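Accompanying notes for the structure given below.
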Amino acid sequence: MGVANIIYALFLLGPSIFLKATAQTHPIVIKGNAFFDSKTNERFYIRGVDYQPGGSSSLVDPLASRSCKKDVEIFKKLGINTVRVYQVDNSADHDKCMNALSEAGIYVILDLNTYRHSISRAHPALSYNKVYLQHLFATIDAFKGYDNVLGFFSGNEVVNDEDTTAITWVKAVTRDVKAYIKKHSDRHIPVGYSAADVAENRLQLAHYFNCGDESERADFYAFNMYEWCGYSSMTVSGYYDRIKEFSNYSIPLFLSEFGCNTVEINDDTTPNRPFTEIEAIYSHDMTPVFSGGLVYEYSAEPNHYGLVVIDKDDERRVSRNFITLMKQYAKTPNPKGDGGYKKAGSPSKCPANSTQFNAWEKLPEMPEGAKIYMEKGAGEPLGIEGPTNMWSPFHDGDDDESTSRRPKPKNKPSNVTSTTSYTSGMTSSSESGSSKIGVAFCQALFITVLIATLSF
């Protein structure tokens with residue numbers, strides 16, 4: 001019997017010998033720096049995977065796909081309680097999939113952005129417009145009725161190096177999204193940010209999202225962190241350092257992506273990922289500060305992180321790494337009691353600007369054209385292929401049509417720092433100095449001409 005057949009035979013033994021997901025979902029609420037089940041009052045730990053077949057820039061909405069129920073059965077085998085979805089079509093019907101997930105005890109953390117709707121790293125002020133906010137608000141409307149929506153991400157890795165300029169507008173988006181939920185949803189749905197693990201500004205960025213007025217602060221914060229590789233340890237991986245750094249952080253923290261793949265390679269050319277960090281993540285050392293995490297990623301893509309192979313006939317085949325992760329989840333219980341969470345804490349102090357961190361404490365006001373959506377609702381959802389907010393030198397994204405090009409999808413890197421995003425703009429955030437000067441000059445010239453034209 002081949003290795004693949006042995007793996008599949010073990011898989012078919014079913015969840016009876018492994019940890020089962022609870023077969024119901026109640027809204028998740030936040031108390032102090034932790035998540036709790038609103039009905040049972042038990043602490044909730046995220047045990048999940050990142051779920052976007054085709055990659056994070058795929059046009060396929062997995063929550064509207066006919067294949068969702070197949071995947072839910074596999075999630076149940078894996079023993080998870082949460083999936084993260086990077087992109088959805090807000091005009092599609094998600095009832096069947098969301099209900100199937102709920103019946104399996106599985107929650108969804110949803111990124112509100114798409115490859116056509118996000119804050120541009122290069123032109124954040126221009127991409128923050130009515131087209132963009134209408135899309136985000138319409139996505140909230142499409143999902144606010146599902147009790148198993150754990151939360152929304154207002155951004156993913158918009159900052160992935162030392163240039164943090166765009167983060168001011170992401171925090172403004174966080175404020176706007178929270179305000180929209182408060183006005184138009186029957187329940188509070190938490191809103192947070194998923195950060196790249198950039199050592200130079202890791203702390204400043206986290207504190208920035210947790211400082212200022214409550215209406216502007218994130219409800220939770222997450223890292224895409226790949227520091228633990230293979231058979232590592234709390235010390236070698238830096239996990240102990242992260243615990244110390246965030247010991248006084250007052251909102252829930254979790255790993256929105258984890259699972260290094262720079263490890264020993266199997267004979268089938270796939271990485272041998274032992275997932276030994278699972279025991280650490282759900283240990284008494286971690287749970288006073290962190291509330292679990294999501295393994296990157298469900299489906300096999302060219303980047304070699306996938307747990308499940310989806311063939312051309314849409315059939316699923318689990319990998320050795322899937323079986324390994326399933327066993328690690330099964331043998332690692334959550335800590336008893338409340339896991340040492342902090343019942344009350346103080347918001348962070350807004351970090352000072354420096355050569356490695358630059359953001360405004362005073363946030364920009366919501367665009368005038370978007371205020372009608374805040375007041376009266378987003379209106380008709382326009383879907384992934386609807387108008388884009390992306391800006392080019394001849395289009396500011398604030399009209400009903402866009403000339404913006406689709407950015408090329410990015411795969412996960414093979415190093416320990418994640419850089420997944422929807423490119424967040426038409427130009428790279430790592431432009432050369434001369435390129436930045438040229439862009440700045442063109443912007444200034446364009447705005448001058450625009451103002452002159454409007455004045456005329």
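Backbone N, Cα and C define each Cβ position, glycine as well.
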Same (1,3-beta-D-glucosyl)n 2 site as D197, R202 according to Swiss-Prot: which of E157, E216, E264? E157
Candidates are C97, C260, C350. Which one does Swiss-Prot pair with C211 through a disulfide bond? C350
Cα-nearest neighbour of N248 (N-linked glycosylation site) within the listed binding-site residues, Y86, R202, Y296: R202
Six or more residues out from either end of the region 'Disordered' (334-353), which same-chain residues have a Cβ under 8 Å from its Cβ atoms? 31-34, 43, 45, 203-204, 206-208, 210-212, 214, 217, 248-251, 282-284, 287-288, 359, 361
Might you list, by sequence position, any residue in that chain lying six or more from N353 (N-linked glycosylation site) with a Cβ less than 8 Å away from its Cβ? A359
According to DSSP, how is the region 'Disordered' (334-353) divided among helix, strand and coil residues? 0 helix, 1 strand, 19 coil
What whole-number value in Å do you get for the largest C-alpha pair distance within E157, D197, R202, the residues recorded as binding (1,3-beta-D-glucosyl)n 2? 12
Provide, as an integer number of angstrom, the distance between the C-alpha atoms of Y296 ((1,3-beta-D-glucosyl)n 1 binding site) and E157 ((1,3-beta-D-glucosyl)n 2 binding site). 15
Please give the (1,3-beta-D-glucosyl)n 1 site's span as the largest CA-CA distance among Y86, N156, Y296, to the nearest whole angstrom. 14
Between N156 ((1,3-beta-D-glucosyl)n 1 binding site) and C260 (disulfide bond), how many Å separate their Cα atoms? 19
